[in-house]
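Accompanying notes for the structure given below.
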């Protein structure tokens, strides 16, 4: 078997090629190193570090073992991102896992990934982050009681609509929002870190005495603890979704990964130490929102700053999730795995606005339909299933296609470790604590077969869809795009 050849007739000329009498339309390369670091770090630092520590501690049972999980999650995210960086310098196309699975394994598994990601995973993840934002944003208006669900959901919906407008208007505007909010959330985490250093200097180290006592050893519990920790690191692969919009991707992609992920890992470890310095393990476990409890104990009357910081952090993270999630939909449509209208870009703004609007609509449905108390575990299950498939593709290329040009190579032991971790994270919770919801997820993934063969393989497209595409194209002012043949 060989890597599947791209089905395209696009010219490798620049966007000003007028040989066919018209200018070719493509997305601009406007994401530099700073914006790349902001996209990775800004998406990773969302609601997770403010919410997940208590759940990691709950599953692991002791402070020291929970810190080890946080460090291991950071190392795993780093290994995964370095592996993806090599893939990104071989296959210089946007789309992340989707485009890598398509080029290495072919259209059928790529369609299943796109179908699952576009319909379920990305919208659900965005909805969950926006709901977290809404809970923190409206909390100050309802002191002493829980916020009404209708207010939370309305605020989350407003957040999604605002993100849609920002991302549809201009790529530079979206990346500027990312940069500003990333700086704000880094500042908030630094406040927590400094507060923890002060507490430790005063001798508040009781949580670190007999730190391994009551550690849990079950493989299922460790797997679920990893899920909770990795939810906070989710976003390590986001830059691979926008490779075509990177300035000098062969340089920017590896550099941004090597800056962003160690930075986030160090911050997460220091923030967890700060939480444990301010609270005993039992207090941390009984806290509904760890960061807010920390603020009440350490900042006193300034505790409202933490709620504001979490709201800013989750808004910035949702912007990064939306920015990259819309690209998956856009690239899948460009390859013929989604309706044609989703592969088009606005003729003046040069943004994939139909794909962004579709992602927004699916996320709004998720927000309206219910809460997301179990989304983390099921999101992680699907994500690591496809991460494992993508990493196995990299191993195939490294062994069978060593001659393919790439500007960056990762030692083969690193993707092997990531693949072993992916297999563990997919199988451990199923073996230890099987849940019927996982069966539903697997059935949903393979339900894509029903759509793949008539619509993609045999190309049986109803004629009314072509007329609908034309009307939508005129209404939305969008046109088909091209790309460089890498």
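Using the three backbone atoms N, Cα and C, a Cβ is placed for every residue, glycine included.
Ranges compared are 31-52, 119-140, and TrEMBL records transmembrane segment for 31-52. As annotated in TrEMBL, transmembrane segment covers the listed stretch 256-278 rather than the other ranges in 210-232, 233-255, 256-278.
The stretch from 31-52, 64-85, 97-118, 298-317, 354-372 that makes the most Cβ contacts under 8 Å with the transmembrane segment (378-397) is 97-118.
Long-range contacts of the transmembrane segment (154-174) within the same chain, counting only residues at least 6 positions beyond its ends with a Cβ under 8 Å from a Cβ of the stretch, are 27-28, 30-31, 126-127, 130-131, 133-134, 137-138, 245, 315, 318-319, 322-323, 326, 346, 349-351, 353, 356-357, 360, 363-364, 367-368. 64-85 is the stretch from 31-52, 64-85, 97-118, 354-372 with the greatest number of Cβ pairs below 8 Å to the transmembrane segment (256-278). When each of the listed stretches 31-52, 64-85, 97-118, 180-201 is scored by C-beta pairs under 8 angstroms to the transmembrane segment (437-458), 97-118 comes out highest. With pairs at least 6 apart in sequence, the transmembrane segment (180-201) and the transmembrane segment (31-52) have 3 or more Cβ pairs within the 8 Å limit; the two touch.
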